Amino acid sequence: MLFIESAFLVLTSLSAAEAATPFEGGVKQKVFHSAGHIDDFIVSRDQQTIYIASINRITSLHSSNLSIQNEVSIGPVQDSPWCSADGKSCLKDNRPFSTDVHTKILQILPSGQLLQCGSVKLGSCSTFNSKLSLITEASTPVAANSPDASTVSQIIDNRLVVAASPTKESPGCNPNLPGLNVENAGDLEGEAAVYLRAAYRSSFRFVTTFSHQHFIFVVATVTPRETRLPVTTRLIRFCKNDTKFVSYSEIELQCRGEDNTNYPFLTAVVQTGDKLIASFSASPTSSKNSICVFSMQKVKLTFWYNVDRCRSGTDSIKLSHIGRDTKCVNKAHIPLDEDSCELGVGGSIELVEMSTIDVLAKVTSLMAVDQKALFAGTSSSQIVMLKWDEQNSNKLEEYGRKEIGDGRTGSEVVKMTRFGDFILVQMPYGIVMEELSTCAHHESCTDCQVSVDPLCQWCHPTQSCTTSSRCSGPLTTQCPIVDGDPIPSMVSVNSSTSISFNIHHLPPPVGFVYKCYFGSKSHSKSTKATWTASGISCPSEMFGSPKTFEISLMTSISKNPISRHNFTVFDCAGYSTCSTCMSSEFGCQWCSHKCSSSCGSASAKACVKIQPMKVPIAIGSQQEIVLEALNLDTLDRKTEHFCKVNGQVAPAKIASDSIRCGKIQLAGSNETNANMVVPLSLMANDVVVDIANVSLYSCSNLAADCSSCLALSPSLSCGWCNRKCSHECHESKATAVCDPPKIDRFEPSSGPVEGGTVIKVYGNDLGMSVEDVRGKIYVAGSRCNIVEYQVSNMIACQVDKGVSSGPIKISVGRATMAVAESSDLFSFVRVSIFSAYPLYGPISGGTRITLYGQNLSSGSRISVTVGGLPCPIERINSSTVLTCLTPSGSSIGKSAKVVVHVDHSQIQLDQPFEYRSDPSVNSIFPLSSFKAGGRIVSVQGSSFNTVQSARMFLISSPTPPFEIISDLAPCHIINSTLMTCMTPKILETITRRVEYTRQPVGFLMDNVTAVANLGRRIQMSVYPNPSLSPFKGIRYHQGEQSLILEGHNLNLAAEPNDFKIFVGSERCYVTLVDVRQLVCSGPLKQPKPTDERGVPINGDNPLVTVIVGSLRMELGLIEYSDHALPSRLSFLILGLLLFTVITLIVMCLIFKRRRQEREKEYRKIQLQMENLENNVRKECKQAFAELQTNLVLSPKSTGTITSPELIHFPHFVENLLWADQNLTSAPSLARTLPVTLAQFHALLSFKGFIFTIVEAAESDVSISTSEKSTLASLLISVLLRNFSYCTEIVVDLLKAHIARSVQAKRAELLFRNSDSVVEKMFSKWMSICLYSHLTPQMNSYFYLYKALQYQTDKGPVDAVTGDARYTINEAKLLRESVETKTLKIHIVPFEKCDETTHLEVHACDAICQLKQKVASAVYKETPYSQRPRITQFELKLKCAKRGDIKLTDVSAVETLSQKKLPVKLLTLADYGIQDGATLEMTSAVYTAESYRNSLADSGQSSWSSLDRCSPIYSSSKYYHLTNPSSGTMTFKKRTSPSEIPKSIPEVYLTRLLTSKGTVETYVEDFLESVLYMHDSSYPPILKFFFDILDREASINGVSENICQQWKANGYVLRMWTNFVKNPQLVFDVPHSVSMDANLSTVAQTMMDCFSFSEPVLGAHSPSSRLLFAKDVARLRPLSVDLFKRVKNSPPLGMEELRTELVNMANDVSTCKGSSLALSELLSWVRGNGIRISQLLSSNQETSQQRLPQKLSQVLHVCLETDNHIYSTISDYD
């Protein structure tokens, strides 16, 4: 990797020219195809040229149309990674060869020149001018020297920064080639660099680099050398002016899902504004990516936290890959701000963010747009468009997708760059220019403002929807609102005026002017408008003729109008009479016998106005016409006036208020009309005074029969004569004789017997008035009362009850009556209801209920009620079936009566209707479809079976108001919780122009409104329709091969099972769906020539049809290739057959030879299998014998167990508090004045100060668990001086901790993880309090320990791994058949020949094990800590023939350098030691030879470790009993099938049972003692502890079960488990790996006894739980009983508690080390002083006690000056 930073000699401005729009809209996509793979591209600063670097070539394109400007070839060149840049110096026999040039760096220099660095010549660079002519060519290595290596670069402040990861070590350059190197623009000389160690170079892959504020950042992914470790994403940072990279720092970036799943693989990253946006995936091949947004402020703070953590002396620098991993120095008193550049670390605090959105695609690049949108390029030729959520600025939501490129460009979106209102997209073999937004598709301001595209805004000057960069004026946030029509909206011809538009939110003209256009813009005149705050005003043009046209308001640079209105130009001269002139809508005036828009002189104040006629005139009559008129006094009586009607003229006589015209013959033009109107003009000479309309009528057209004629108004003078109605009849109406009445028809024909039916009777001459027929109508003998009457031809009446059928009889007339009788009969019937379905429905109503009955179509009125509410009838299918829609119900489960009303009949259904719960929708899967719909989706919810049908649709908005934008798709209800639906089709009129939308879903389920709009909760993604390319001619296909179909958008919203492909009428089953490809497996033989329905088609070939959803696509005809081979291939086949025969003969010979070899190998394997069987049989027999004989310890061995002696209490406290630390000396104590310690100790007397220390540690997430444990030990050690005060502090802290845990809903985790300072303090305090009361339990534990030790030593123990034949831990079970025997040897201790010790050992024991046993046997009466270490003596074998032989683990003759690893440790059998041999102990003498023999070559002392029974031998270098390269399957991975293991590891599991049976009694005794089964009293502190937990559980409302978990965790998990796993705390015994394994099993068993959950045991359960499962089942109830006994025991009195605390105070007074602990605690407080001071100041109580000031006095005491804070950082010049 290489970081380069260099100052240019000639500083030039780096400001880019303002982006120019390359071309106007209208072109959706432009593509440049490259012959070679494109490495990178960049745009020139003037935005006119695009430079593209492909393999061996650089090309410049015109930005307007992507046409080629210039092109230059840069490769291939003669190069080799094993040669120098000039190729003159190569390593050994290497020579330069033809090598392709891959461009790694492509940058525009400040001078405008093009910088290109390739993968050849060690990554050197060249510069080109704008015409791609070579300017300079340097040899300095800059870029990565491999095509596959990563290189990122940027130019910042005239400096080039490069990060590169070379993959080839080249001797031709500096072997310490930095990963980053910045060159001067002229000579490319590097200035500063930081290096990666060679071991780490291949781990880093650089993704991008960017700058923010005064920092430079590089994003890299790190793949650990160990495959078990996860891939991480590192953010590297250093200051811009940091030439020595002192500020070089790293943090880890993590992106996690909602379930806290970590997505480790970074796929793309981009930085914009104050956000760092990155895309991650769960695996490199995952098709789902999660996008996380990191705040740059959080990035800065995370770097600062890590730097500050190192500043306080915590942890190390952790930059081992660049050679910086020293320990951090504590300099907390030195200030450090967030922008500091004086320290760099690779801290352990990572930056974690949760995923903001999941993208269902493999994201390969990201691009941010104006901090409004984010574009994600994918590997499948798509750009996913995302926008920031309006409610949450850190949340993203998808609003569209774009297909990019074509088949020739490749499918992966490598890089995206904004280019004006377009995107430049780099694909593997092409550059694509695509529109940035969809704004051009929105034509109105309102549509633009509500667009889902966040980049779209309304540009007022151009009146178009566009992006902000394309608008020359201000963007509109509020659309203009036009208030009414323009004023005026009409003008007179030949006049001009100012027209005003009342428009709100109209911005003032800036950079443009407003114009008014009269008529269409292409054929219109325009005038400049004047803008005011209230609107716009325009002067109008002169118009010469009346017309109506459109007036538009536009801007001078717009093509679209702001508003359009109809505008009228009128001409008053068109009105010929005074009255029409004065009454016109245009305000015309009558001036001097003509109409004008305005009068120069006084206009007429009144006009003659003829009033409409009140009485019409009969057509064909000749009579005078009298008309009323107004303002007749204005007429000149001397002038002759006359009337003119239909061309006939008659003189007119003018009265004061009327006009009488002479007789005129009035003839109608069309006598078929009953009424007509003709104009009548009053003339004065040739001048028309006024015009009135005269109404004419025709009697024959007004009445067709006698009764109607005689019923006409007497004023019409119509009479009946000559069988017609006429005004010429001279007979009176009284003497007229009419025809008899007649009934033509009636309806309905039947009705209920209860009556009430309204019958309408139609006929002729049914009376002249209602009185002629009132009370004279009978229907089948029942009276019928009139409800409606029309003269002569219609009577409506309501019939009374009836029981039979009969005609309708009507008597017409008063004096003399005529009777009319119908020919058809009316029937009285009985209406009945048999059943109804369904009889249940949702509470919201709308259920379509069908009623079945008889005579349901009878009667005139029918209605249905459900529960007393109307059930609107939908339709009546017949006399037996009707349907209605139920109303909403009042309550769920209520039964409602169903009643049918037919006129006066009322019928109730026997079964009631039941209202049930409304259906609800919970989820839909899948939530994606295409525009044509028809995809099957599953809908889950509840109460679906309460409705009979459901239909699915999409709506425009999740909130009202909204509209349905799709058709209604049917659903199939399967049960109450599941139904399947077809996705709906988007309506063509509503089809959005964007290719992708997310629309809310709604369902039509009766009248249930809750599912009509599911809102934002459930939205369906609508994608473009999948399309398939038709065949070009007939498609030829091999039947046995899969059929591959090409198309677009195939898998966006469809799965393989959504496609139905037919070849003819046979199915072709889909096996794979890609975005552009569909693969199916079809019939092997060619089907019949049909379509998918089996309909025959023309020709011999079947039709290929694809059905997906509602889409049906015919792709064309397909023809299967003929299976008969063509004749021209016969010779080829013959040759192939001959070649096959020869090949078979050769193969047979080879097979015969191989068969002989396999038989030999088989016999060998058979022999190995027999050996394996013998070994297994032998092991089983031995295991059976051990199980039957070794069930208890022998009496002899039992007698060897000595009485236990607990270590003294001070030593126990020291072991408990400082088991993992060494507090024997503290450098800080020597530097700390006693007065300072006294002042600090005084501070500890304030509870608030201690509580603040604990709070500071608990709230600091950077403090590790081990640091918290150390802090707890320091506090306990210091507080032990006053044990009562210590107890009070611990109890108060515990109470507060319990309350916080309950409040945080973590009550069940109390004492479980012990990651809290409070819990650690409490466990240590509890152990100290109970130590003196644990003598019975410790006795049982000691016997158990000795029993386990004896059982383990009975068999072989591996000195390297600690595996033992006899153990109760499966992990440390020796899975080998080790042949050994017991030897009795004699030991002469240290030249005491007269005293010998007898010892039993194993012949397989290593020498270090023998020494340990010798020391234990000789010094068995001496405590272990006082015995000599095995490094202090040697053993010599007394041999008369060979002399004394010194025993060592490794022979002095064979060293590590001479032996093949691993080396076997020597055993007693290797030295030939026999039974009865004598060994002598001698003092160890350290010489060079003995040092070498002691395995010092391994880098560490083996003997000191073995002295503690802790094998330190590396299993890769040494082995004892188990050789890693041979043996069982556990230790060896077979390299060939012929290798058979010597035995099966699982056979040895029976040894666990042997060991368990031996020590089972001791385990039970120990567990029973912990449970106090044999004791009636308990330690007072235990009762005190349990009572505290009971009280706090009651106060905080915690259940009894959780409280018991607290007790079990505190008593067993935190105290007893610590004792069991660490016997060195209480006994003076050695440490042993094999014993640790045994004790871990005992500890696990003890925890299981106190577990409250019943474990589920099986074959896969851990052996530690299976071994003692029965014991655990017996003892678990006793643990609950223990808690009950303690709880029910008498409460602990204050006096008893005080006595106990006094005794404890006396015990702890003998403990030492509190001064050292006080000094270390002061050092910790000093390192966290700022945080503690802030907490003290924020607390009112501690502030009143002046604790912040007191602490400040202590912290400001001067200490000796340490080294410089950055002394651990190595600078690289």
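In case you wondered, yes, glycine gets a Cβ from its N, Cα and C as well.
Among the features that Swiss-Prot reports, domain 'Sema' is placed at 20-436, with the record citing sequence analysis.
According to Swiss-Prot, the feature topological domain 'Extracellular' maps to 20-1130.
What Swiss-Prot lists as N-linked glycosylation site is Asn65 (among others), and the listing cites sequence analysis. Under the DSSP three-state reduction, Asn65 (N-linked glycosylation site) is assigned to coil, being neither helix nor strand.
The disulfide bond annotation in Swiss-Prot covers Cys83-Cys90 (among others).
Annotation comment: Swiss-Prot describes Cys117-Cys125 (among others) as disulfide bond. The number of other Cβ atoms within 10 Å of the Cβ belonging to Cys125 (disulfide bond), over all protein chains shown, comes to 24.
Annotation comment: Swiss-Prot describes Cys239-Cys341 (among others) as disulfide bond. A strand conformation is recorded for Cys239 (disulfide bond) in the three-state DSSP classification. Its own atom aside, the Cβ of Cys239 (disulfide bond) has 20 Cβ atoms within 10 angstroms in the protein chains shown.
Asn241 (N-linked glycosylation site): 11 other CB atoms within 10 A of its CB, across all protein chains. Residues annotated as N-linked glycosylation site in Swiss-Prot, with sequence analysis given as evidence: Asn241 (among others).
Annotation comment: Swiss-Prot describes Cys255-Cys292 (among others) as disulfide bond, evidence class sequence analysis. Contacts of Cys255 (disulfide bond) defined by a Cβ separation under 8 A and a same-chain sequence distance of 6+ are given as Asn262, Tyr263, Ala278, Phe280, Ser290, Ile291, Cys292, Val352, Glu353, Met354, Ser355, in order along the sequence.
Residue density at Cys310 (disulfide bond): 27 other Cβ atoms are found within 10 A of its Cβ, drawing on all protein chains shown. Reduced to three states, the DSSP call for Cys310 (disulfide bond) is helix. Taken from Swiss-Prot, the feature disulfide bond applies to Cys310-Cys328 (among others).
The domain 'PSI 1' annotation in Swiss-Prot covers 438-480. Residues 19, 21, 25-26, 369-370, 372-373, 385, 387-388, 399-400, 420-421, 503-507, 510-512, 554-555, 557-563, 993-994, 997 of the same chain, all 6+ positions outside the domain 'PSI 1' (438-480), place their C-beta atoms under 8 angstroms from a C-beta of that stretch.
Packing around Cys456 (disulfide bond) is summarised by its Cβ count: 23 other Cβ atoms lie within 10 angstroms of its Cβ, all protein chains included. In the three-state DSSP scheme, Cys456 (disulfide bond) falls into the coil class. Per Swiss-Prot, the feature disulfide bond maps to Cys439-Cys456 (among others).
Sequence-distant neighbours of Cys445 (disulfide bond) (same chain, 6+ residues apart, CB-CB distance under 8 A): Trp458, Gln463, Cys465, Thr476, Cys479, Pro480. Under the heading disulfide bond, Swiss-Prot lists Cys445-Cys479 (among others).
Neighbours of Cys448 (disulfide bond), defined as other CB atoms within 10 A of its CB across all chains, total 21. According to its DSSP assignment, Cys448 (disulfide bond) is helical. Residues or ranges marked as disulfide bond in Swiss-Prot: Cys448-Cys465 (among others).
Taken from Swiss-Prot, the feature disulfide bond applies to Cys459-Cys471 (among others). In three-state terms derived from DSSP, Cys471 (disulfide bond) belongs to neither a helical nor a strand segment and is classed as coil. Around the Cβ of Cys471 (disulfide bond), the same chain contributes Gln457, Cys459, Pro461, Thr462, each under 8 angstroms and 6 or more positions distant in sequence.
Residue density at Asn494 (N-linked glycosylation site): 12 other Cβ atoms are found within 10 A of its Cβ, drawing on all protein chains shown. Reduced to three states, the DSSP call for Asn494 (N-linked glycosylation site) is coil. The N-linked glycosylation site annotation in Swiss-Prot covers Asn494 (among others).
For Cys516 (disulfide bond), the count of additional Cβ atoms within 10 Å of its Cβ stands at 25 [all protein chains shown]. Marked as disulfide bond by Swiss-Prot: Cys516-Cys538 (among others).
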Integer Cα-Cα distance in angstrom, Cys516 (disulfide bond) to Asn566 (N-linked glycosylation site): 13
Across the domain 'Sema' (20-436), average pLDDT on the 0 to 100 scale: 85
Three-class DSSP secondary structure - Cys479 (disulfide bond): coil
Proximal residue to Cys456 (disulfide bond) among recorded positions Asn241, Asn494, Cys538 (C-alpha distance): Cys538
Proximal but sequence-remote residues of the same chain as Cys439 (disulfide bond) (Cβ under 8 Å, at least 6 apart): Cys448, Ser451, Asp453, Leu455, Cys456, Gln457, Ser464, Cys465, Thr466, Thr467
Rounded Cα-Cα span from Asn1007 (N-linked glycosylation site) to Cys83 (disulfide bond), Å: 83
Cys90 (disulfide bond), number of other Cβ atoms within 10 Å: 15
C-alpha spacing of Cys538 (disulfide bond) relative to Asn65 (N-linked glycosylation site), in angstrom: 42
Least buried by Cβ count (within 10 Å) of the disulfide-bonded residues Cys117, Cys292, Cys479: Cys479
Between Cys538 (disulfide bond) and Asn494 (N-linked glycosylation site): CA-CA distance (Å): 17
Of the glycosylation sites listed as Asn693, Asn855, Asn1007, the one whose CA lies nearest the CA of Asn877 (N-linked glycosylation site): Asn855
Secondary structure composition of the domain 'IPT/TIG 1' (741-829) [DSSP: H/G/I, E/B, coil]: 3 helix, 54 strand, 32 coil
Same chain, 6+ residues apart, C-beta under 8 Å of the C-beta of Cys538 (disulfide bond), given in sequence order: Ser498, Ile499, Phe501, Lys515, Cys516, Thr527, Lys528, Ala529, Thr530, Leu553
Residue counts (helix, strand, coil, in that order) that DSSP gives for the domain 'PSI 2' (571-608): 8 helix, 6 strand, 24 coil
Between Cys310 (disulfide bond) and Asn241 (N-linked glycosylation site), the C-alpha gap once rounded to whole angstrom: 22
Spatial neighbours, same chain, of Asn693 (N-linked glycosylation site) - Cβ under 8 Å, 6+ residues apart: Pro612, Met613, Val677, Val678, Pro679, Leu680
